[in-house]
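**Q** The following block contains the structure, expressed as structure tokens.
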Amino acid sequence: MTQTFRIAARALTPMREGMILPALLVISMIAALLNSPAYGRGTPDGFADLAEELLPSVVDIRAIQNARTADAPNQPQAESPFPPDSPFGDLFERFRRHGEGNQGPRRREAAGSGFVIDSDGIIVTNNHVIENADEIYVIFNDDDPKEYPAEILGRDEGVDLAVLKVKADRKMKAVKFGDSDKARVGEWTLAIGNPWGLGGSVTAGIISGRARDIDRDSFTEFLQTDTPINQGNSGGPLFNMKGEVIGVNTAIFTPTGGSIGLGFAIPSNRAKAVAKQLREFGTTRRGWLGVSIQNVSPDIAESVGLDEPFGAMVSTVYDNSPASRAGLEARDVILSFNDRRVDNSARLRRMVAATTVGAEVPVVVWRDGSKINKTVVLGEREKVNIAALSGGDPVPEKPVTSQALDSLGLEIAPVSDVLRQEFNLRDDVQGVVITDVRQGSGAEAKRLRPGMVIVGDAKGPVKSVAELRQRVEKAHEDGRRSVLLHVSIDGELSFVAIRFDNKEG
């Protein structure tokens, strides 16, 4: 919705004689700017010719769920990717299937968009447009009113893309992917799609941002655009002024259900690579490193001696994984991957997933205050099953003697059978158990709680209370503001940097 602001103007006063020359100079400068090649290059006179050229390559998609699937209980629905407490949760809406919920109980239909990438009938769209569909039909944006049935060649939920094959007794005009890495903020864009089932709709705008991380579970970042896109534009192309696809329209932020100028598109370089694999394999083969990672906070950076908080800290290296074979260790901070800077753990996760399985990749890690070069041969991503917490027979209770670690605001004790039973700890967990956390302490600020196990610190594993105390006191004496602890939280390992309290350790 456009808001109109009323601006109060001051009364005009006669221009002083001394201001005439500067004013004329400003006017001349503005005129020169408007006539300059740099200014004119980014302001097209219109989009009619380009739209006319591209429309035949964009299709409307109709996806139908029959009764057996449409009425199935607990049918998964598209959800916001944000956590429940996120302020954006209510604003985000994937382009829902147009008409869903308005149809009868026997049949549901969805409207979406797509585009031809091969004249043999290969079409790209979003996975969520055709997910769970029993029938898929494609309609071209020309004088041909016929609906052509399509089959799914492959789909990728993690990137939200699908590739379709349509057999049609007609010519099909393909479009080309452009280089999304070269797309610049402020460049003009054109979206063509099927908003609200209207078909063949053209809108224009600009690229508003790059590398937007709007979905923590997605294997891609997004281009942001203010090009008006709505429900039904899902899967449609975002073009540059050369007529190249630089993005696949996928999501919008909206409090109203319609466009407010916050649209997001999968970058064309990612879409092109995924579409190629979907055509060849029917699925996407993602690279796998074999580690669990976390972001490097300012406290962690200070604890390990990094000048700035960036990279991805390795909290766990899985056995027999590419990372373990390459010699990566817990506590390493991955600074670069395949000669590209790693800003955070989400960026690394996407870099790895987008890299070819079997590729030899150079990796730079930070370990013990210096950079180390490694080479990793990537495996294929797989689900790693975390061992379930083990039960056991009751054990005789023995008194647990906790010791204070005042500098961190903790009470700690050795791992024992009594504590394993009390906190349901795994049999293979070794270290020091947190039995109490002082209110207002640095440990409480980092949400440590009783039952978590400190398995090590920046120097390596910790086997006893005395060893942990000695290392913490040494760090305190050395003037460090925080200490890095390796903590087992419900069976998952993570590094936590705890600031020292203003007390002796």
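Using N, Cα and C of the backbone, Cβ positions are placed for all residues, glycine too.
Predicted automatically and left uncurated, TrEMBL annotations should be read as such.
So TrEMBL lists the following for this protein:
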{"type": "ACT_SITE", "residues": "HIS128", "note": "active site, charge relay system"}
{"type": "ACT_SITE", "residues": "ASP160", "note": "active site, charge relay system"}
{"type": "ACT_SITE", "residues": "SER234", "note": "active site, charge relay system"}
{"type": "BINDING", "residues": "HIS128, ASP160, GLY232, ASN233, SER234", "note": "substrate binding site"}
{"type": "DOMAIN", "residues": "278-369", "note": "domain 'PDZ'"}
**Q** Fewest other C-beta atoms within 10 angstroms of its own C-beta: which of the recorded positions ASN233, SER234 fits that?
**A** ASN233
**Q** Nearest to ASP160 (active site, charge relay system) by Cα, among GLY232, ASN233, SER234 (recorded positions)?
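**A** Nearest listed residue in space: SER234.
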**Q** Can you work out the mean pLDDT of the predicted model over the domain 'PDZ' (278-369)?
**A** 90
**Q** Let's see if you can do this one: DSSP helix, strand and coil counts over the domain 'PDZ' (278-369), in that order.
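**A** The breakdown for the domain 'PDZ' (278-369) reads 25 helix, 28 strand, 39 coil.
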**Q** Can you tell which of the recorded positions GLY232, ASN233, SER234 lies nearest to HIS128 (active site, charge relay system) in space, using Cα positions?
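**A** Nearest candidate: SER234.
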**Q** Between the two most separated Cα atoms in HIS128, ASP160, GLY232, ASN233, SER234, the residues recorded as binding substrate, what distance in Å do you get?
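**A** Among the residues the record ties to substrate, max Cα distance equals 15 Å.
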**Q** What does DSSP assign HIS128 (active site, charge relay system), in three states?
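**A** Looking at the DSSP assignment, HIS128 (active site, charge relay system) belongs to a helix.
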